[in-house]
């Protein structure tokens with residue numbers, strides 16, 4: 001691959017890409033193969049324009065001299081594809097587990113992005129318990145501070161909820177007006193169930209305490225290599241109750257961590273009892 005030979009707005013070499021690749025892996029655990037060079041260029045070019053920087057080597061120098069830029073760098077390179085009730089079978093299955101767990105039920109949504117997954121969990125709890133104040137606590141985290149701000153605001157374009165039935169739209173969302181015309185906002189009761197917090201899954205220690213009855217880590221592990229996945233799974237393990245469950249994405253498999261988790265349903269795992277710390 002020779003990125004320098006392409007006609008681009010900003011000078012971008014293979015060396016630049018490798019620096020970015022190594023840094024995002026070291027700080028966020030994200031694996032970028034060479035085929036992702038164009039994606040890196042596109043996402044970081046926006047930042048170069050804002051800073052009025054003309055080459056990627058200059059941006060890398062700026063990044064090294066300004067540690068606070070690291071957060072913006074990570075935000076630019078993280079992927080935030082999400083929707084309400086994505087992989088809907090998980091939410092139906094969660095209702096079955098509600099009958100087994102003692103209150104208060106604690107759930108950790110580990111890559112909450114712009115909040116759709118966390119609010120879907122809150123809606124599921126409210127529907128199951130038949131109240132706006134179910135005995136459920138939801139921690140929603142992400143490494144990307146930009147999406148966390150959007151999630152906490154709880155404001156979405158109307159088309160984001162167009163796939164929800166009318167009953168859910170009326171029960172859980174308010175229509176926007178004036179500057180928010182064409183948008184919706186989650187109701188206060190829904191927001192009150194969710195606490196948003198920045199957490200880097202690659203950090204040596206997470207600023208949280210268990211136990212949790214459920215951990216949702218869906219469509220996240222696909223961006224990590226196997227050793228990084230195992231490290232994160234080993235961190236989840238002691239945070240789950242003995243009857244807790246880990247929800248994974250539709251294309252994710254943890255067969256390399258059978259000493260920690262066993263598959264009990266489609267992309268749903270239980271911690272191995274002999275390894276429980278709770």
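Cβ from N, Cα, C; glycine included.
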With 80, 82, 86, 142, 200, 201, 218, 219 listed by TrEMBL as binding S-adenosyl-L-methionine, identify the candidate in 117, 166 belonging to that site.
117
All-chain count of other Cβ atoms within 10 Å of residue 219 (S-adenosyl-L-methionine binding site):
19
86, 142, 201: which of these binding-site residues has the sparsest Cβ neighbourhood within 10 Å?
86
Among 80, 82, 86, 117, 142, 200, 201, 218, 219, the annotated S-adenosyl-L-methionine contacts, find the widest CA pair distance and round it to a whole Å.
23
